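The following feature annotations were taken from TrEMBL:
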- Glu30, Asn34, Asp70, Ser90, Gly91, Thr156: ATP binding site (BINDING)
Amino acid sequence: MSHTFQVDLRGIVDLLSHHLYGSPRVYIRELMQNAVDAITARHEVEPGAPASIWFETPQVTGDGTLRVHDTGVGLTEAQVHELLATIGRSGKRDELGFSRAEFLGQFGIGLLSCFMVADEIRVQTRNGDHPTVYWTGFADGKYEVKTGETRAERGTTVTLVPRRDATDWLQPARVTDLARLFGSLLPFGVRVDGELITEKSWLGGTRPELMAFAEQTLGFTPFDVIELRVPEAGLTGVAYVLPIPANPAARSGHRVYLKRMLLAEGAEGLLPEWAFFARCVVDATGLRPTASREALYDDSLLESVREQLGDQLRGWLVSLAKRDPHRLHHFLDIHNLGVKTLALHDDEMLRLVDEWWPLETNMGRMPMKDFRERFGVVRYCATIDEFRQLAAVAAAADLAVINGGYIHDADLIERLPALDASILVDRLDPSDLTTRFDTLDPATELALRPFLATAQRSLDRLGCEVVMRSFDPIGLPALFLVDREATFQRQLRETREVVDDAWAGILAAFEKAEADSRPQLVLNHRNPLVRRVAALGHDQLIGLAVESLYGQALLLGHHPLRPADSALLNRSFLGLLEHAVPGEIS
Ligand SMILES: Nc1ncnc2c1ncn2[C@@H]1O[C@H](COP(=O)(O)OP(=O)(O)OP(=O)(O)O)[C@@H](O)[C@H]1O
């Protein structure tokens, strides 16, 4: 024996109000939507038929109810039974059950949202010359149907008898605001207590109109407006470029209308993630809503729209570079982070960054392209600390270096050969610098041997080699230089000592026996203080001075301090203080 499901309407309404819809306010949207669909359906067979929708709030009805009238197609008695009283049944699907593109509704649940604010829904409807049908649905799931006095005009009137705790939702100001919010762009005139709330569409407006729309509705004056069009989804609209930096991690929401009815003020998923510098306002006929009608349904069409809108934004950027480089600079000042993120995967964006985004270099700020043209190899430091430490020294040695330490810069520099295989990129290895420094003449070198031997003894236990070279700037007494490969090998060895055998075996495969060059403390023979230290002839004092030069060079280069380094810094400082402050306490 087969049975039919029973539906507990209260349970369904509870589900809708607490889990599907964000707020009861959507009931106005659902009422308008049904009225619009009914007019659209009537126009299919009667193109010149009147097309209006009007709300009457309790202020006009006088009995506490809210009424909405439409001049739509209306329903016959059979349809009333079939459509109004069956949850999930919609008259807006084709024979195969697919929602029809010309209608807003598709799920067959919208009218139920009225139960969030009403105890009773009354529908009076006339389809063509069929008898006028009177249907009343109650929140407890019962309904009544009867035919009665003929309605003067074809169409439908829906009357809501408010729930005691929901009368606020039916008040004139609320209804007007909500009708305007959701329906201001609807193609048919909508009135609330006589006041027209539909307005001329911003779609296809002039640039000043579009700018004014952003100011009024989104609350900012955009940097620029980009017109958008995706015929495949019947999408038209604009992207507003934000005038201030946006957080790339925050998901950006867009104002989306579906068939001119507002879907959401913060819909996600319309643009690719990288396009966080833009906010869209669009209307689409082809995109689908989720059942709550508060978000876009993420299907393959939305994916294709996302891609095409991404292309349109990218196209705008590239053309801005050609048309108005000055403005592009301004744009990059605001949104460089987003553009750089994009350039990590996108060659065209990389070209844009290459040509226009000025990077910090030790020869002044300039884009990578200019840097290449002037200096050939794109040499860079991968961290800000490394750059700060080496920029002046490298400049004095005629070596141009880019600071690749800011977010994404080093990765972008490394990606440059993807644009042109002939581009040479080189990460500056600090130890390469020593080869650029001047060596001392043999006589000086010989004379300094005893000093260097003493200096070396004091730094031996720290695994540091001491050398003396001549370099600029003269004011810099010492430089701590680490060979990157050597650092890696040292860290590898240290890690091997603390991990278990299996891991140690794996790490051993990366070890290179020959690479054990130690970090260097390069003392600057041009620096007067270094010369005075070298001339001290007092082993203990030389030890203290070299240790403190070592410590200072470490700090200057923002190198990590090991416990032994901190202890040495402490000791050398106190030791030097002892020498500087002679005498005994009596
Ligand atoms: N004002 C109206 N005029 C004519 N028919 C209506 C009207 N309001 C509702 N209907 C009929 O009742 C059906 C159910 O309406 P309901 O709002 O519950 O669902 P829907 O509009 O089909 O889909 P959705 O849940 O997506 O809004 C509609 O499909 C439509 O056939």
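Glycine residues also receive a Cβ, built from the backbone N, Cα and C atoms like all the rest.
If you look at the structure here, what lies around each of the features I listed?
Residues near Gly91 (ATP binding site) in space but far in sequence (CB under 8 A, at least 6 apart, same chain), listed by position: Ala41, Leu75, Gln79, Glu82, Leu83. A coil conformation is recorded for Gly91 (ATP binding site) in the three-state DSSP classification, outside any helix or strand.
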On the three-state reduction of DSSP, what should I expect for Asn34 (ATP binding site)?
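Asn34 (ATP binding site) sits in a helix per DSSP.
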Would you please pick out, from the binding-site residues Asn34, Ser90, the one with the fewest other Cβ atoms within 10 Å of its Cβ?
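Each of the binding-site residues Asn34, Ser90 was scored; lowest Cβ tally within 10 Å is Ser90.
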